[in-house]
Amino acid sequence: MNYFPIFANLAGRPVLVVGGGAVAARKISLLLKAGAEVRVAAKHLNAELSALAAENKILWLAEEFRAEHIRTVFLIIAASSDQALNRRVFHLAESCQKPVNVVDDRDHCSFIFPSVIDRNPVQIAVSSSGSAPVLARLLRERLEALLPPSLGDMAEISGRWRDAVKGKLKSVTERRRFWEKQFNGRFAALVKNRQNTLAERELAGQLEQSRQNDQGGSVSLVGAGPGDAGLLTLKGLQEIQQADVVLYDALVSDGILSLVRRDAERIFVGKRARGERTPQEDTNALMVRLAREGRRVVRLKGGDPFVFGRGGEELETLARHQIPFSVVPGITAAVGATAYAGIPLTHRDYAQSAVFVTGHRKADAPDIEWQTLARSRQTLVIYMGALKAALIAERLQQHGRSPDTPAAVISQGTLPAQKTATGTLANLAELAETAPNPALIVIGEVVGLHEKLAWFGENGEGENRVGQTYPALGGLNAGQRAA
């Protein structure tokens, strides 16, 4: 974070602007909207600023900048056409520990101006830290188009009702849920349609019946996807933004966790093959306890909760204890990681089916049907199999799969650090040995398409490939794509 985002209350505070031209006028316009007491140090003013001075909206000092001008002001803006003067203002302000901005000179600023979306009292600031002002402006334009003009009215009405809601609903959780419901319901729709009187009546009615409608605690089982925060579903984002507490595992990326509601409690309940482990029974008991406390719990799991995620076991526990629950599916690693590696799971020339299996089973689980897994013309995806890669390769070859079958190990799938190492079934153990976890094993002729279809990260530039040729793919030329 290059700059700390902060909103300053300038109402009635003295602010010094050095300069009397168009650049100074633009900054002064913003300062006046914020209620600042604007003082202008300049020998001459342009027509716009002269009019403001005549109306006593700004205090014109009618002289060149002097060091004494900065002593009694809250912050300083240097907006003259004289660069040497602007930098002198900067150094004097710095020596007095006063916030200072030299317009269009990032190296001489202790604060900068963001692009602003103004729906007063709602304000949204967008900044590129001065690196790409045009990008910040484009982002502001997109946000302007997304946010309704009625947003300010909604905030003003809500502000008038805050005390009433606080008096009726005693806990922070109750109040937060109440407002979330209003901002996503009929109240918001009425304000959007400029029916503010009806909106306030709706608010009053909702508040009157809010205590009776409180449903207490619940658990939402949310699939976080394979890692890339952009692959989290909209429903999943809504759930983690409304959660009181989030129980997450080791496969949930930092990018996903950064989207969790800031005030929500976060509890790690993960499992790692070579390290920290939270017993599943403890996680189940924790979900039940938190829900019974009336909290909105999100059980956030990497990938999809019902694909080797023990989601079914967790829901059985909740059902047994009569805890309300819901499920938000996620993109499983076999789908996400292979797509980012340029490996299609099915392809009518090479694979008519895809099989997902886990390399980490219960001790009393039935024997694996290796004969079925060793079939050709299918794609085999193995979760949590890196530690058993040698055994997997041996058994598949024993049951008829060719040692020349293309194979890949995808680690850190869909994340910037994603690596895809390709080879054959014969050297699968070698590929897996150096792959960081989490890693996914993919076996099948479709792996041969990786070289042509890789598009993401380093693999998109042709790196991390074990040199192999695959006869089955010989018909695909550099400019040709299979159907």
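Placed from the backbone N, Cα and C atoms, the Cβ positions cover glycine too.
Feature list (source: Swiss-Prot):
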type: REGION; residues: 1-203; note: region 'Precorrin-2 dehydrogenase /sirohydrochlorin ferrochelatase'
type: REGION; residues: 217-483; note: region 'Uroporphyrinogen-III C-methyltransferase'
type: BINDING; residues: Pro226, Gly302, Gly303, Asp304, Val307, Thr332, Ala333, Met384, Gly413; note: S-adenosyl-L-methionine binding site
type: ACT_SITE; residues: Asp249; note: active site, proton acceptor
type: ACT_SITE; residues: Lys271; note: active site, proton donor
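Structure with Swiss-Prot features highlighted.
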| residue | record | CB count, 10 Å |
| --- | --- | --- |
| Pro226 | S-adenosyl-L-methionine binding site | 30 |
| Asp249 | active site, proton acceptor | 20 |
| Lys271 | active site, proton donor | 17 |
| Gly303 | S-adenosyl-L-methionine binding site | 29 |
| Val307 | S-adenosyl-L-methionine binding site | 19 |
| Ala333 | S-adenosyl-L-methionine binding site | 27 |
| Gly413 | S-adenosyl-L-methionine binding site | 26 |
Spacing of the two Cα atoms, Gly413 (S-adenosyl-L-methionine binding site) and the residue listed as 'active site, proton acceptor', in whole angstrom, works out to 16
Other than Pro226, Gly302, Gly303, Asp304, Val307, Thr332, Ala333, Met384, Gly413 themselves, what residues in this chain have Cβ atoms within 8 Å of the centroid of the S-adenosyl-L-methionine site's Cβ atoms? Gly225, Leu251, Phe308, Gly309, Gly330, Ile331, Ala334, Gly336, Ala337, Tyr383, Leu440
Taking Pro226, Gly302, Gly303, Asp304, Val307, Thr332, Ala333, Met384, Gly413 as the record's S-adenosyl-L-methionine-binding set, what's the max Cα pairwise distance in Å, rounded to a whole number? 16
From Gly303, Val307, Ala333, the binding-site residues whose CA lies within 10 Å of that of Lys271 (active site, proton donor): none
Taking the Cα atoms as reference points, how far is the residue listed as 'active site, proton acceptor' from Gly303 (S-adenosyl-L-methionine binding site) in Å? 11
Conformational class of Pro226 (S-adenosyl-L-methionine binding site) under the three-state DSSP mapping: coil
Where Lys271 (active site, proton donor) sits in the secondary structure, as DSSP reduces it to three classes: strand
Which three-state DSSP class does Ala333 (S-adenosyl-L-methionine binding site) fall into? helix
